[in-house]
């Protein structure tokens, strides 16, 4: 089986490295500088000391990345629709499975990644890949667990069998929507935890994570209906596991971003964002989650507080007052 990974950021490259031990992998990027750097050094600047094996073929033209059995989309959520249209223009075969490895909510439509893909590529089978997984640890082939969500059980079992390795434990789920809600919101809550980090102790930090779970459940319930909420999703690796690691580890880009915003000495969140080199998915998701909560008429005070901090320049003091009370 040939697997294509679209997106050569830290996460996409880490996935390619992780899967390349026993498989041929295509790694696609539209960034010529990244393409040339990886081709020359066989290493990503974002993943130092993590060599990229010869089993990984790096491509610059997307047409060269569609001849695969499985395509893993590890692109920023706000670029997902555009990439899917490019795949459609390449006459992507209908039997090619799409695995989503991106997290967030599309700002312009308030749709989850699977909803975007189903609009543009309705004939391709779809799965979602999510869980607690820092790119650097994945690239170093350290042990980790993930959830693969797929509504087609036969396809899901086949993908789990193909992707699971000695250091990767995959759990199969059919809860495509719930997994994505958890994956998107945890980045917003990580920013919130970064804001309070250093100002208060571990007790307040734990309370904030606990309240975050309540907001995840609220949006999850609004999307699927109260009777369809799966407790295994909420307590599994893709929700509780991912939330805990993203909200507590300094390797978390969103947590670090929240801390920088809280200690910015007057710089706006947009200024801090522009100075960084990494994608902060929680920044975009904060607005999308706030807008979606308004649309669905549910209360999400943590998301609202982070949205107002990032987009309306609410003071840190007022934001923290909401987060800790």
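Glycine is treated like the rest: Cβ placed from N, Cα and C.
Per Swiss-Prot, the feature NADPH binding site maps to 11, 30, 103, 135, 253, 279, 281; the stated evidence is sequence analysis. Annotation source Swiss-Prot lists sn-glycerol 3-phosphate binding site at 103, 131, 133, 186, 242, 252, 253, 254, citing sequence analysis. The active site, proton acceptor annotation in Swiss-Prot covers 186, and the record cites sequence analysis as its basis.
Binding-site extent for NADPH: residues 11, 30, 103, 135, 253, 279, 281, maximum pairwise Cα distance 23 Å (rounded to the nearest whole number). Sequence-distant neighbours of residue 133 (sn-glycerol 3-phosphate binding site): residues of the same chain at least 6 apart with a C-beta under 8 Å from its C-beta are 14, 144, 146, 242. Of all the binding-site residues given, namely 30, 135, 281, those whose Cα is no farther than the 10 Å limit from the Cα of residue 254 (sn-glycerol 3-phosphate binding site) are 281. Between the CA atoms of residue 135 (NADPH binding site) and residue 252 (sn-glycerol 3-phosphate binding site) there is a gap of 10 Å, rounded to the nearest whole number. When the Cα atoms are compared, residue 253 (NADPH binding site) and residue 131 (sn-glycerol 3-phosphate binding site) turn out to be 16 Å apart. Counting only the Cα atoms, the space from residue 252 (sn-glycerol 3-phosphate binding site) to residue 279 (NADPH binding site) is about 11 angstrom. Rounded to a whole number, the distance between the Cα atoms of residue 186 (sn-glycerol 3-phosphate binding site) and residue 30 (NADPH binding site) is 28 Å.
Straight-line distance linking the Cα atoms of residue 11 (NADPH binding site) and residue 131 (sn-glycerol 3-phosphate binding site), rounded to a whole number, equals 12 Å. Residue 281 (NADPH binding site) sits 15 Å from residue 131 (sn-glycerol 3-phosphate binding site), taking the Cα positions as reference.
Max Cα-Cα distance over the annotated sn-glycerol 3-phosphate binders (103, 131, 133, 186, 242, 252, 253, 254) is 16 Å.
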